[in-house]
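Trainee: Just passing along the structure, written as structure tokens.
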Amino acid sequence: MDAFSSFFDSQPGSRSWSYDSLKNFRQISPAVQNHLKRVYLTLCCALVASAFGAYLHVLWNIGGILTTIGCIGTMIWLLSCPPYEHQKRLSLLFVSAVLEGASVGPLIKVAIDVDPSILITAFVGTAIAFVCFSAAAMLARRREYLYLGGLLSSGLSMLMWLQFASSIFGGSASIFKFELYFGLLIFVGYMVVDTQEIIEKAHLGDMDYVKHSLTLFTDFVAVFVRILIIMLKNSADKEEKKKKRRN
């Protein structure tokens, strides 16, 4: 009910971006601000670890099903550890980030072979989107976007069902394109919702910055992968059009 009431309370008049909206930062207490600093610092370290994992794949071709299974297993292990095992959980986060990077490595290698600038553009684009949507979540009224969580969960379930159906029955290019853009929309939405949820949990005393960093890390990677695939597909389409013109 809180989610729906905050939604109706935030209708026209409360969503205007003005100087007053910047005052919403005052709703974030100093303790929560320090928590967010730790979350984003840990997230940056996890992204560096992930880049190292991708580099290892480029060198030794280690990415694949095993690294994906290892990444999922490490994340589950991390989430099952009690919060007081701080160092262990932090180590597990970085290990899972390295394995995630190795798992995404094959896609990154394709991008490097096609055009390295695509990889850089995709990462910068993801970083800009992440900063903008995270800032939007911080500037918004508390719990303003949390009502979207249910809609995003339903959308994610639909996306997983589509991918499962496509893997069994086969899928067309149009379905694949829909999955890409729909998935991008879903995970960009999660950037906003997860950021507000982290802030709200911190206000309630949940200062588990390792778990919160993991949440944002998975959002970042999901958006990055989809942007990279979209850019690679667009590049391939352009090359195909050029070949047709030459012929």
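Here the Cβ of each residue, glycine as well, is placed from N, Cα and C on the backbone.
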Trainee: Taking 16-36, 58-78 as the choices, which stretch does Swiss-Prot tie to transmembrane segment?
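Mentor: Matching range for transmembrane segment: 58-78.
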Trainee: With the transmembrane segment (92-112) as the reference, find which of 58-78, 118-138, 145-165, 173-193 contributes the most Cβ pairs under 8 Å.
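Mentor: Out of the listed stretches, 58-78 contacts the transmembrane segment (92-112) most.
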Trainee: Checking distant contacts: for the transmembrane segment (58-78), what same-chain residues at least six beyond its ends satisfy Cβ-Cβ under 8 A?
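Mentor: Same-chain contacts beyond the ends: 89, 92-93, 95-96, 99-100, 102-106, 108-109, 112, 210-211, 214.
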